[in-house]
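Q: So Swiss-Prot lists these for the protein:
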COMPBIAS  269-279  compositional bias 'Polar residues'
DOMAIN    54-159  domain 'Cadherin 1'
DOMAIN    160-268  domain 'Cadherin 2'
DOMAIN    269-383  domain 'Cadherin 3'
DOMAIN    384-486  domain 'Cadherin 4'
DOMAIN    487-608  domain 'Cadherin 5'
CARBOHYD  ASN49  N-linked glycosylation site
CARBOHYD  ASN255  N-linked glycosylation site
CARBOHYD  ASN399  N-linked glycosylation site
CARBOHYD  ASN437  N-linked glycosylation site
CARBOHYD  ASN455  N-linked glycosylation site
CARBOHYD  ASN536  N-linked glycosylation site
MOD_RES   SER786  phosphoserine
MOD_RES   SER790  phosphoserine
REGION    259-288  region 'Disordered'
SIGNAL    1-18  signal peptide
TOPO_DOM  54-615  topological domain 'Extracellular'
TOPO_DOM  637-790  topological domain 'Cytoplasmic'
TRANSMEM  616-636  transmembrane segment
Amino acid sequence: MRTYRYFLLLFWVGQPYPTLSTPLSKRTSGFPAKKRALELSGNSKNELNRSKRSWMWNQFFLLEEYTGSDYQYVGKLHSDQDRGDGSLKYILSGDGAGDLFIINENTGDIQATKRLDREEKPVYILRAQAINRRTGRPVEPESEFIIKIHDINDNEPIFTKEVYTATVPEMSDVGTFVVQVTATDADDPTYGNSAKVVYSILQGQPYFSVESETGIIKTALLNMDRENREQYQVVIQAKDMGGQMGGLSGTTTVNITLTDVNDNPPRFPQSTYQFKTPESSPPGTPIGRIKASDADVGENAEIEYSITDGEGLDMFDVITDQETQEGIITVKKLLDFEKKKVYTLKVEASNPYVEPRFLYLGPFKDSATVRIVVEDVDEPPVFSKLAYILQIREDAQINTTIGSVTAQDPDAARNPVKYSVDRHTDMDRIFNIDSGNGSIFTSKLLDRETLLWHNITVIATEINNPKQSSRVPLYIKVLDVNDNAPEFAEFYETFVCEKAKADQLIQTLHAVDKDDPYSGHQFSFSLAPEAASGSNFTIQDNKDNTAGILTRKNGYNRHEMSTYLLPVVISDNDYPVQSSTGTVTVRVCACDHHGNMQSCHAEALIHPTGLSTGALVAILLCIVILLVTVVLFAALRRQRKKEPLIISKEDIRDNIVSYNDEGGGEEDTQAFDIGTLRNPEAIEDNKLRRDIVPEALFLPRRTPTARDNTDVRDFINQRLKENDTDPTAPPYDSLATYAYEGTGSVADSLSSLESVTTDADQDYDYLSDWGPRFKKLADMYGGVDSDKDS
């Protein structure tokens, strides 16, 4: 529908003030236009001033979203100078002029060419002016007016999120806050109810509710259980116009998840479990697994297992597998089928975290009975002790019984057991054991001073099943017997001054004993009976395992007796008494007035001879000269014994090659020069062997010189014959070592032992006639026949 508005500008001549009048208007919207009078004054030839009415307007109103086929009429502009003759021209400028808004330049009618949207631009400011069409000059000042776009309800509410996600604990009270949703409306909130939004719930009842004005979603049902239903989808509607009929609406989806609380106790799926385990299971061995189910999740489903009652509280244990939430029953102590075959346990499963507000639901734990059957296993023998300690005197004879060990089969069969000694622990086979009763006895003599403790291992093995065996350590202590005599702790050699007084101490003696008596050592010292009478010295026993040598007279003469050998008898007080005689050497020496030794007879024991520096230098020079002389003499002798460069004629035709040299090429690449055979004059005279000199020397025989055309074969034969008849040629009477020739050779082996083929071909009886030196050899070779006979 087109809306018309006419603005009439009236001019009244002769009135002293302007008069406002209401313009004619047609407006379907019912909004009255405000009147505004703009007075423009003009000059006239008469002195009478006249006031003119110019534009009368303020603003236009225009509905948005116009859907008509024609342009939407906005209003009309009119000037009082417009006489209808087309002399004026109306011009429009400002927001949307010429595009959104056009004006009829003749009539001043304004129209909208496009559909307008208030949400895009609610106000347009334009300017209007009337000009003289002929001169182009404005006849009225330019004036500004406003076109306001009137809002209609053309926008539905839009939520800030398409999908909301929220959580709320299960078992919550009614009215528990869940989440708040928000929707906005682009319409003008200041005009009508187009932007007034009201919330309502379309889906999700009776579990949840929503506040109509705030959009807050709350729980509407008591004790919603996650285990029954965990996910909920709620659809919320936002409607404008205050929810009235004809209002626009929008919806959103809220996905609500119930979070878990610990409202379910653990429960065993069965009341009784049974497992089997062999009695040989070591501590820590898992026997079986039990599992209680808990409908909760996360930490609310964590379970702790414990043994609360039963016959095996101290024999078994239960641990919790944190990954699978299973209870693992393990062996805590060693089991014995012969003692107990069946155990009954009570295992409890409980939640470590319990919310007090759910205690009314009952105890958060459950129990089950576990029956464990112990299976019999063929066990090795068991010794009566973990270790044995025995004692024996070191003077015990061979086959002396020390003690015994005992082991038996723990199984019900009671298989017999045999005993043995682990020879890796008794390499010298000092001990042995009776395989039947386990008695330990000696097989060799013992010596405590050699080894005090003997640590061996005894093995007990089932006769019917040798694989079943066990070991036990056996510690044998050798008890001491007084079988060692005491002796001096060191070699004693002392001196006495010539001017010594009687009863003067010249040496303190100490003794040691390899034995270890229970009451400790107690030694006694005395002079040997043969030296006790007429001795120049006496022995004083200090009763503390030491003794002192005292002078018996005043003064000693080293020229009469320079050395005294003093035999001292050392005895112990153990049984049987052991004693030994040690000799103390006492030298008579010259001493100073302080008693310090200066010289003893013709030699000094401690002090140097007192040579002067010059004498020492002379001695050193003599030693150097002597060494130089020896070195020169040895060098001259070596020069004289240098080997000659010329080799013997026997070696002329020989190529000596060492074939045991690996690498470096072969040495026989330099073959014998055949030219030597053709030039015998170049051969030197025969020379004797350098390594062995014969006892009788013969003059070398000169061989005739062969002609140049002498046949090589004749020359070689001549040389061969010459060497065969030469007494100076080898072999000499010396030891020669030959390699094994083998049996394929015509000469067989050169070994005399291989010269006969069988033992029967050689008679060794003659070796017995060679005397006692060859008796061993005669026994070796003469006993062959007897061995065969046997």
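The backbone N, Cα and C atoms fix where each Cβ goes, glycine too.
Describe the structural context of each listed feature in the structure shown, including burial, neighbouring residues and relevant distances.
A: Beyond the compositional bias 'Polar residues' (269-279), the same-chain residues lying 6 or more positions past its ends with a Cβ under 8 Å from any Cβ of the stretch are 285, 287-288, 290-293, 329, 331, 335-337, 347, 368-377, 379.
Taken as a whole, the domain 'Cadherin 1' (54-159) shows an average pLDDT of 84 in this prediction.
Per DSSP, the domain 'Cadherin 3' (269-383) is made up of 10 helix, 54 strand, 51 coil.
Applying DSSP to the domain 'Cadherin 4' (384-486) sorts its residues as follows: 0 helix, 45 strand, 58 coil.
Each residue of the domain 'Cadherin 5' (487-608) gets a DSSP state, and the totals for helix, strand and coil are 4 helix, 57 strand, 61 coil.
In the three-state DSSP assignment, the secondary structure recorded for ASN255 (N-linked glycosylation site) is strand.
Non-local neighbourhood of ASN399 (N-linked glycosylation site): PHE441, THR442, SER443, each in the same chain, at least six residues away, with C-beta under 8 Å from its C-beta.
Note: ASN437 (N-linked glycosylation site) has non-local neighbours SER404, TYR419, i.e. same-chain residues 6+ apart with C-beta under 8 A of its own C-beta.
Listed in sequence order, THR425, PRO473, LEU474, TYR475, ILE476 are the same-chain residues at least 6 apart in sequence whose CB falls under 8 Å from the CB of ASN455 (N-linked glycosylation site).
Of all the Cβ atoms in the protein chains shown, 15 others lie within 10 Å of the Cβ of ASN536 (N-linked glycosylation site).
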Q: For the domain 'Cadherin 1' (54-159), what are the DSSP-based totals of helix, strand and coil residues?
A: 0 helix, 49 strand, 57 coil
Q: I want to check the contact list for ASN255 (N-linked glycosylation site): same chain, sequence separation of six or more, C-beta distance under 8 angstroms. What comes out?
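A: In sequence order, the residues whose Cβ lies under 8 Å from that of ASN255 (N-linked glycosylation site) (at least 6 apart) are VAL163, TYR164, THR165, ALA166, GLN231, TYR232, GLN233, VAL234.
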Q: Using a Cβ cut-off under 8 Å, which residues of the same chain at least 6 positions beyond either end of the transmembrane segment (616-636) come close to it?
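A: Contacts with the transmembrane segment (616-636): none.
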